[in-house]
Amino acid sequence: MLIDTHCHLNFKAFKKDLDEVIVRAKESGVAKIIIPGAKIDSSRRAVEIAGKYDGIYAAVGTHPHHAGEDLDTDTLVLLTRDKKTVAVGEIGLDHHRYKNYPELTDREKDNQVTLFIEQLKIAERFNLPVIIHCRAAQEQLLKTLNNFLKKGRQVRGVFHCFEGTADYLDRVLELDFYIGFDGNITYPENKSLAGLVKRVPQNRLL
């Protein structure tokens, strides 16, 4: 049985042929799919889709790109309570400098940390795993996560679309998180990243 743990069926690209996409996935052996949210509206859409289809589940959360916007905690908690919600995500830190966008300010980075912590608290409150997005912010994210855990809090989950060194991977595994590799391991410039797949125990690899 195959489970797609990160499939954005809530994106507009799937609006016209969602039924067909889900049918094809099941015919290909994908028995279950988890749809992550990126902000409140896409999280709500994930829950709506999950409610209509067997084997489809939702993750709800706000992506770091939307840090600095007002977090609608009440709505996020409401979506988290839904019976088809199985995770909080995708959440985390993203300090990558995207083309045509300025470098993040210290305040914007702090906003991402604040948003990340607030959503870790929600995940802990409802005993749900987290789907972590981290790009160009590995040390800051791990520091934030470790500080959260040192306070006696408990949270688990997956580092989605993993990027980083072997040492960083080992430190994430020590926290008992799962590791998700994605299309980025196929890029010619990422040979070292592809090599890390063998370093992850099979029972921790997504």
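Glycine is treated like the rest: Cβ placed from N, Cα and C.
Predicted automatically and left uncurated, TrEMBL annotations should be read as such.
Sequence annotations record features per position, and here TrEMBL assigns divalent metal cation 1 binding site to H6, H8, E90. In this view, H8 (divalent metal cation 1 binding site) is surrounded by 16 other Cβ atoms within 10 Å of its Cβ, with every protein chain counted.
Here TrEMBL flags H133, H160 as divalent metal cation 2 binding site. In sequence order, H63, P64, G89, E90, I91, G92, L93, D94, H160, C161 are the residues near H133 (divalent metal cation 2 binding site), counting only same-chain partners six or more apart with C-beta under 8 A. DSSP gives H133 (divalent metal cation 2 binding site) a strand state.
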Which chain neighbours of the divalent metal cation 1 site, leaving out H6, H8, E90, have a Cβ atom within 8 Å of the mean position of the site's Cβ atoms?
C7, I34, I35, P36, A38, A59, G89, I131, H133, H160
What are the sequence-distant neighbours of H6 (divalent metal cation 1 binding site), meaning same chain, six or more residues apart, C-beta distance under 8 angstroms?
I34, P36, E90, I131, H160, C161, G180, D182
Sort out for me which one of E90, H160 has the most neighbouring CB atoms within 10 A, since those are the binding-site residues we care about.
E90
